[in-house]
Amino acid sequence: MLNGFTVAIDGPAASGKGTISKAVARHFGFAHLDTGLLYRAVGARVLDGELPEDAARALVPADLEDDRLRSPEVAQEASRVAAVPEVRALLVDFQRSFAARAGGAVLDGRDIGTVICPDAQVKMFVTARADVRARRRFEELRGKGVDTTFEAVLADVEARDARDMGRADAPLRPAPDAVQVDTSNLAIDAAVEAAVALIAEKLPARG
Ligand SMILES: Nc1ncnc2c1ncn2[C@@H]1O[C@H](COP(=O)(O)OP(=O)(O)O)[C@@H](O)[C@H]1O
Ligand SMILES: Nc1ccn([C@@H]2O[C@H](COP(=O)(O)OP(=O)(O)O)[C@@H](O)[C@H]2O)c(=O)n1
């Protein structure tokens with residue numbers, strides 16, 4: 001009954017998209033796709049010497065399991081390859097098929113509500129101040145043993161935001177019908193509750 005029910009969650013780097021997406025997927029039993037991983041996997045292949053378009057064409061599911069994908073170096077390369085229209089075009093079908101799967105789906109990224117799933121039943125645009133996002137990502141990376149500084153993480157976040165908002169193809173911006181949630185002063189539980197309430201309102205009546 002929920003076939004094709006899609007939740008689109010977009011926003012800048014480390015705003016909390018993934019955290020909210022995972023939690024609502026668990027809550028409603030939806031499948032979840034972190035679309036950033038696709039661009040990160042292309043970026044990782046490019047760091048290994050492939051050309052962006054070849055890398056996007058060669059992508060296989062196992063690429064998404066690579067431990068390196070969460071590193072700041074791969075994040076930077078991901079935002080570079082994400083500005084290449086051919087790369088974006090090669091990733092569209094996979095994302096749309098995922099969105100159409102049985103049982104409902106939540107996809108998080110930059111252009112889900114604007115380009116990939118413009119007809120999504122629920123659209124959220126998650127934001128937070130850059131210093132707050134960088135602080136959270138810094139703590140997360142430090143927890144994983146990555147050797148970095150708050151300043152370096154802030155620079156990464158700001159550089160990627162600028163590139164993601166400034167590109168011509170599918171720039172990062174809220175869809176006109178997206179509900180904007182600023183998590184700067186919102187705990188994870190409260191952010192998840194807001195998302196759950198929003199989705200519950202739009203779910204088709206059961207029974
Ligand atoms: N509302 C919040 N309050 C505090 N920390 C948060 C909140 N949302 C996410 N985080 C933390 O911030 C980091 C980035 O969140 P994540 O969901 O990975 O962001 P994104 O998917 O947008 O990059 C994670 O370590 C996560 O646990
Ligand atoms: N739908 C998407 C998802 C990610 N991306 C790109 O991929 C990069 C990494 O995305 P991500 O979601 O994994 O990054 P974080 O927000 O987790 O830091 C972003 O900076 C974007 O350049 C995109 O262009 N479109």
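Each residue, glycine too, has its Cβ placed from N, Cα and C.
Now, the feature entries from TrEMBL:
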- G11, P12, A13, A14, S15, G16, K17, G18, T19: ATP binding site (BINDING)
- 7-52: domain 'Cytidylate kinase' (DOMAIN)
- 66-199: domain 'Cytidylate kinase' (DOMAIN)
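Listed in sequence order, the residues D108, V126, A128, R133, T183 complete the 8 Å Cβ shell around the ATP site centroid, once G11, P12, A13, A14, S15, G16, K17, G18, T19 themselves are left out. Among the binding-site residues listed (G11, A13, S15, T19), A13 have a CB atom closer than 6 Å to some atom of ligand 2, in sequence order. Around the Cβ of S15 (ATP binding site), a 10 Å sphere holds 29 further Cβ atoms from the protein chains shown. When pLDDT values are averaged over the domain 'Cytidylate kinase' (7-52), the model yields 98. Its own atom aside, the Cβ of G11 (ATP binding site) has 27 Cβ atoms within 10 angstroms in the protein chains shown. Helix, strand and coil counts under DSSP for the domain 'Cytidylate kinase' (7-52) come to 25 helix, 8 strand, 13 coil.
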